[in-house]
Amino acid sequence: MHSRHNSFDTVNTALVEDSEGLDCAGQHCSRLLPDLDEVPWTLQELEALLLRSRDPRAGLAVPGGLPKDALAKLSTLVSRALVRIAKEAQRLSLRFAKCTKYEIQSAMEIVLSWGLAAHCTAAALAALSLYNMSSAGGDRLGRGKSARCGLTFSVGRVYRWMVDSRVALRIHEHAAIYLTACMESLFRDIYSRVVASGVPRSCSGPGSGSGSGPGPSSGPGAAPAADKEREAPGGGAASGGACSAASSASGGSSCCAPPAAAAAAVPPAAAANHHHHHHHALHEAPKFTVETLEHTVNNDSEIWGLLQPYQHLICGKNASGVLCLPDSLNLHRDPQRSNKPGELPMFSQSELRTIEQSLLATRVGSIAELSDLVSRAMHHLQPLNAKHHGNGTPLHHKQGALYWEPEALYTLCYFMHCPQMEWENPNVEPSKVNLQVERPFLVLPPLMEWIRVAVAHAGHRRSFSMDSDDVRQAARLLLPGVDCEPRQLRADDCFCASRKLDAVAIEAKFKQDLGFRMLNCGRTDLVKQAVSLLGPDGINTMSEQGMTPLMYACVRGDEAMVQMLLDAGADLNVEVVSTPHKYPSVHPETRHWTALTFAVLHGHIPVVQLLLDAGAKVEGSVEHGEENYSETPLQLAAAVGNFELVSLLLERGADPLIGTMYKNGISTTPQGDMNSFSQAAAHGHRNVFRKLLAQPEKEKSDILSLEEILAEGTDLAETAPPPLCASRNSKAKLRALREAMYHSAEHGYVDVTIDIRSIGVPWTLHTWLESLRIAFQQHRRPLIQCLLKEFKTIQEEEYTEELVTQGLPLMFEILKASK
């Protein structure tokens, strides 16, 4: 009964031989996640992170440390969560060929439970806030990105891992900060659950420490350990009942350990305070071992499926296959959470039981039944979100509550339909021949997970409603053997006939949608008819996403349609609007982008040439002398390393010194941050960097703004124009190259760093140490000797405590290796 697939399916995989639960009749249940040879953190960093989370004041001074085998096990498990988040971010990034913090945040919401995603998002926001505030300091290039963010793991290493993994063609530095903070939050969360689980010593006999003892946590055939990749996920749990009220999703249940559930219900902070009330409590607390880790993971429905090696994501179930509601959604277990003192309950106990059963439903018999279940679930989740924003249920759009389109419900019914449930109807006769093999219960996700993933996809594109593609994307993630293409950027992505609009407004929306569809089909002979349907703005009408027909044609690379739209009078330089009240579905990262920006993003060089010939502004939305709040086409081309595109833009006068200003952050230079030099250096594109470096400097105006005078320290008494002009250009270029050197050193592109140093850009202690560390890791002895000789060129005012904390240990390692 165990199907063997072709060689492509079985490369580097071990098929499950002893579990009928995974045999799914050719549904590819045995496909595994790729194993990571290297993770962007070290066990030393992981230990430091966990010890600080246990006692922030003690740091590494906590006695005893943590066992290396448990750390390695935890690292392996959480690396699977990293792979899952990166894979989802990779798919989301295809729309704009760029990975930003928004793609990482949406990927977290897609992969993680509502509670875990809320914790990770809060940690990411805190890290980014610290990073932005540190940008105001004069030593921002003298401190590592992790230190500026208050993080333990290396942000630069995570950025390099994202580039090497091809998460996207372009990686925004804020995306790396978000992902780093997310992984740290996950490690802390899982570690706190292990510590709070309180596995009793009496249960630590043979076979019980890993969760394989008797009881609900380990029924017959259940996987005894979370990391036994070749075991079936939840082997013998065919019951499918919901967790009892006493069984917590964060701790599970164990008949050996009655206090375990109570301990799991204690918040991590409270548990930590309890364990650290006395100094000796550290030694009395449950030890962090492989056994306690496996026991906790096996009994926790929020993290067990997340940490499994299978490509599909098992949600809402522990290792025994028992369905559980996360604490954030379970009002039945804690009714006091839902009401203030003296306030009437929102639901009766019987209603709460019915709602929980709706959220945990895995199969339906009809579309009518599904509609009722979804309606009941959304009715329960939306007020819960309004009352408790901390639970992470994002079920309210700024313009109102999200709703399900009819086609989405039909698609969801297709995946959740169970023909046997129809046989209960006496008017329906069962079929005598069965042409389909149903998926077993073990791989069926509960309704709440369908809702969670579909809502996350709709939220990423700023839509008011869930459509059928959102459900298909959820099925691809949650079910084994299901796949579909990533969502493309289309004009009708966020179209919805809201019931709040009157008939006249809806009619205009439908006409506008039809006009965009006619233009998107590629028929150049329909342009005139389509323009008449678009509305008063005609050919320059904007969709719900703030984009014009010309922008969509540039995304597709449709050269003929671009030419036809230009002939019809399309505005070349119109920008994506930044007015969310009028265009609520505009992606924040696309604001101020022009048609040229979209053509450059997707690498359509003939379209770029056509737009430039027609008079498109080579800097996009940037006007001379104005602040730039979006990336220029040259910045985007340099980030992806497209040499031909960079050369074309430079020939047309693009300025590589222009950077990006952040409205919610602080830029230390008039030109902004992450200029084209920095983009090329951050992504390791050495040939593009050299091309930018060879570009002759442009002559600029001799008049300096007050901001530039203050930034450069220019004396107002200087009156000689030629030296001033030359000085201004050289200072701006030096600032740009220092920033580029910082990013290349942080991300481990030591050859680019050496190129920058070779043209006279001075070292900072941080860039020198990072370059030396990478050279040592790569065993490049000549480069190490060269860098050691360069130490004397570092000015004494550059010396910081980093020289003692990181520099000296690195020097001793080099000396030890040179013997």
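The chain as shown is numbered from 1 upward.
Cβ atoms here come from the backbone N, Cα and C positions, even for glycine.
The domain 'ABTB2/3 histone-like' annotation in TrEMBL covers 40-181.
Summarising the annotation, TrEMBL assigns region 'Disordered' to 202-243.
The compositional bias 'Gly residues' feature in TrEMBL is assigned to 206-218.
For the repeat 'ANK' (545-577), the residues of the chain that approach it from at least six positions outside its boundaries are 462, 489-491, 493-494, 516, 519-520, 522, 524, 527-528, 530-531, 534, 538-539, 583, 585-587, 590-596, 598-599, 601-602, 604, 606-607, 610-611, 614-617, 621, judged by C-beta separation under 8 angstroms. The repeat 'ANK' annotation in TrEMBL covers 545-577 (among others).
Look at TrEMBL and you will find 591-623 (among others) tagged as repeat 'ANK'. If you take every residue in the repeat 'ANK' (591-623) and average the pLDDT, you get 93.
Annotation comment: TrEMBL describes 629-655 (among others) as repeat 'ANK'. Residues 97-98, 169-171, 591-593, 596-597, 600-601, 603, 605, 608-609, 612, 618-622, 661-663, 674-677, 679-680, 682-683, 685, 687-689, 691-692, 695, 698 of the same chain, all 6+ positions outside the repeat 'ANK' (629-655), place their C-beta atoms under 8 angstroms from a C-beta of that stretch.
Residue counts for the repeat 'ANK' (591-623) under DSSP, helix first, then strand, then coil, are 16 helix, 0 strand, 17 coil.
In the repeat 'ANK' (629-655), helix, strand and coil residues by DSSP number 17 helix, 0 strand, 10 coil.
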